[in-house]
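Copied over from Swiss-Prot:
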ACT_SITE  His458  active site, proton acceptor
BINDING   41-50, Lys59, Ala124, 153-155, Asp325, 332-335  FAD binding site
BINDING   Gly190, Gly191, Gly192, Val193, Ile194, Gly195, Leu196, Glu197, Glu213, Ile247, Gly284  NAD(+) binding site
DISULFID  Cys50-Cys55  disulfide bond
Amino acid sequence: MFRRCFPIFNPYDVVVVGGGPGGYVAAIKAAQLGLKTACVEKRGALGGTCLNVGCIPSKALLHATHMYHDAHANFERYGLMGGAGVTMDVAKMQQQKEKSVNGLTSGVEYLLKKNKVTYYKGEAGFVTPNTLNVKGIDGKDEAIEAKNTIIATGSEPTALPFLPFDEKVVLSSTGALALQQVPKKMVVIGGGVIGLELGSVWARLGSDVTVVEFAPRCAPTLDSDVTDALVGALKRNGEDEVPMTGIEGVNGTNNGSIALTLEVEQAGGQAETLHCDALLVSVGRRPYTAGLGLEKNNVSLNERGFVKIGSHFETNVAGVYAIGDVVDKGPMLAHKAEDEGVACAEILAGRPGHVNYDVIPGVIYTMPEVASVGKTEEELKKAGVAYKVGKFPFNANSRAKAVATEDGFVKVLTDKATDRILGVHIVCSAAGELIAGALLAMEYGASSEDVGRTCHAHPTMSEAVKEACMACFAKTINF
């Protein structure tokens, strides 16, 4: 049961349930457009998975461990002596990570206040499509009413049915981000973005990391050229890859380690047993809708539990909208959720709102990084699209040579008839930054010649994007 702490005379125009990247951005944008807005977040800290236990803390650890690895592996070539003597204090590394996270979460709370968004710390559940009960973290219940509600509750890690998370030995991404000591042996089940990034963190600090993957290759949605380059680089940095078709058994031991028996793909599918003291399960994420009361209010979900939405983020129930990881549209990425939050708020304010799902980048923050947008070569072949390929390696790029970050390449795919850019795939130390130029080009329908004839600063790694585009419509100059 719920109780109203005060009479509701003036309902909110918009209540956003969830304060992650999609939710808090939607709330701020709605308020900026003149709508009376509230945001409800049960975590007690804004920013969602991304800021608290995802994108941001993982980047903090990736940065710290890259500096450590770089000191040991590369400093002497720059004439910086003594790098091999650098040590890592994991506790201090974790403290710095938390400092970054706390600063950003408090910053988001300030932004809500600045934009006059009412912030409720608690768990929201639908009583009716226009009434929400908020169970406050202070133990009090409060009913709030809204003309429109945006569901932005995000997602949570998926556990294997026979292997629940204990966050000590069997880890989700949350547990892997919080380790206080380096595992001697880590097995990562799932060779996607999360598994590869967090495997890299602990491999750089000396853990023996093995990534096992059900698909024929790690990061199976990437262009195959990109995957091959990435896997090769990770192996050189201490991560092994084992393809498998199944898991036959998992056995615990009394010394805090486990034995994992895998059915390995090659050599006739024989069983192989891997021992580890940390098992990271990164087999995907599932939408988080527990306690929302969607079923009793007849909000439609698909067979996997995602909220079904239409072209304007509307559910089948009037006044109820949904964005981000919880919906059945687009990749489960923070920046996708942010764009949906802006577009949904604009629509609720009576303005046009749109997300171009064909131009949403994906980045893996390993070293080298991988960034992709648009179609892969495999997708174009499958669709029967006539296309051209332009590639340029970073070992022919002046800036990359000067700073000894020569791994990788840029690959551009264009329509053979029109020269319009259909996909861009980058492997290099700064791929996540370089992809921005490709996004802008694709968003505005640019051709490879448009980019190839645009003057790029020298020496920069962005020149590799220009040269790859030149390879599509003419020839490269520097390779």
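Glycine too: its Cβ is placed from the backbone N, Cα and C atoms.
Given the structure is predicted, the values throughout are model-derived calculations rather than measurements.
Feature map: annotations from Swiss-Prot on the structure.
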residue : record                       : contacts (Cβ under 8 Å, 6+ apart)
Glu41   : FAD binding site             : Gly18, Gly19, Gly23, Tyr119, Tyr120, Lys121, Gly122
Gly44   : FAD binding site             : Lys121, Ile137
Cys55   : disulfide bond               : Ala334
Gly192  : NAD(+) binding site          : Cys218, Ala219, Ser282, Gly284
Ile194  : NAD(+) binding site          : Ser58, Ser173, Ser282
Leu196  : NAD(+) binding site          : Val188, Val211, Cys218, Ala219, Leu230, Leu234, Glu239, Ile364, Thr366
His458  : active site, proton acceptor : Ser398
So what sits near Gly190 (NAD(+) binding site) in its own chain, CB-to-CB under 8 Å and at least six residues off in sequence?
Val211, Val212, Glu213, Phe214, Leu280, Val281, Ser282, Val283, Gly284
Under DSSP, is Gly192 (NAD(+) binding site) part of a helix or a strand, or is it coil?
coil
Max CA-CA distance, Å, over listed NAD(+)-binding residues Gly190, Gly191, Gly192, Val193, Ile194, Gly195, Leu196, Glu197, Glu213, Ile247, Gly284:
22
Counting all other Cβ atoms within 10 Å across every protein chain shown, which of the binding-site residues Gly47, Gly284 scores highest?
Gly47
Determine the Cβ neighbour count for Asp325 (FAD binding site): the number of other Cβ atoms within 10 Å of its Cβ.
28
Starting from the Cβ of Glu213 (NAD(+) binding site), draw a 10 Å sphere and report how many other Cβ atoms land inside it.
23
Using DSSP, would you call Asp325 (FAD binding site) helix, strand or coil?
helix
Are there any residues at least 6 positions away along the chain from Cys50 (FAD binding site) with a Cβ closer than 8 Å to its Cβ? List them or say none.
Gly20, Pro21, Ile56, Ala334
